[in-house]
Amino acid sequence: MSARHVILVGLPGAGKSTVGPLVAAALGRPFLDFDVELARRIGASVPEQFARDGEAAFREREAVLSRELAAAPAMVLAPGGGWLANSAASAPLRPAGRIIYLRTTPAAALARLGAAVADRPLLADADDPLAALAALLARRSAAYETADLTVDTDGLDPAGVADRVAALVRAAEGGA
Ligand SMILES: Nc1ncnc2c1ncn2[C@@H]1O[C@H](COP(=O)(O)OP(=O)(O)OP(=O)(O)O)[C@@H](O)[C@H]1O
Ligand SMILES: O=C(O)C1=C[C@@H](O)[C@@H](O)[C@H](O)C1
Ligand SMILES: [Mg+2]
């Protein structure tokens, strides 16, 4: 099979947007961040889209972008944290992708996010963001665990995570 998209999945704070460009540089492929691309297309940030148009509209936008990318040349992709559990979005892209789960605990994700929790609409209004992240993980972990490959990110810095992802992808592609 030809080279496939490398698709990073995991909780908010897993590091998809941070690690993605490093993986892309290591593999010599373009990088695309869904949240950034959708904000550019719609002309509104993700929190603005949630507030103005609702979550369902945002999820449909993720699905449209996924369908477009299914036929695109191989890239490194960072969808939003809810993409894999949104099967209308992830199913069309799955056959064209190698899915890598950046696994993290809710506590580590929250520590990484810090004040940026305010930019995550599913966490921003929670009385207890740690409990909200744990609830997201409980709902999504079965989907995340269907990834082709997993990297445990707690205790690794972004460069360390990117090195592991790039090495796993090279090994998988070399053996394909
Ligand atoms: N391995 C890591 N070690 C320490 N900090 C990290 C690590 N990965 C990411 N971070 C930091 O965590 C924060 C959140 O990372 P990032 O935005 O990449 O998460 P994300 O997975 O894209 O989340 P979302 O699903 O909300 O888009 C950033 O400040 C980033 O610098
Ligand atoms: O985990 C999620 O469902 C989300 C994560 C972010 O990347 C954004 O896509 C949005 O805040 C939703
Ligand atoms: Mg991100």
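We count from 1, first residue shown onward.
From the backbone N, Cα and C atoms, a Cβ is placed for every residue, glycine too.
Where the annotation comes from TrEMBL, it is an automatic prediction and has not been curated.
Summary of the site annotation: TrEMBL records ATP binding at GLY13, ALA14, GLY15, LYS16, SER17, THR18. Screening the candidates ARG94, ARG98, ARG120 against this entry identifies ARG120 as the one listed for that site. All protein chains shown were included, and the count of other CB atoms within 10 Å of the CB of ALA14 (ATP binding site) stands at 24. In sequence order, THR104, ALA108, ALA109, LEU110, ARG112, LEU113, LEU133 are the residues of the chain that are 6 or more apart from GLY13 (ATP binding site) and have a CB within less than 8 Å of its CB.
Highlighted here are the binding-site residues (THR18, ASP35, ARG59, GLY81, ARG120) whose C-beta falls below 6 Å from ligand 2: ASP35, GLY81, ARG120, in sequence order. Listed in sequence order, the binding-site residues among GLY13, ALA14, LYS16, ARG59, GLY81 whose CB lies under 6 angstroms from an atom of ligand 3 come out as LYS16.
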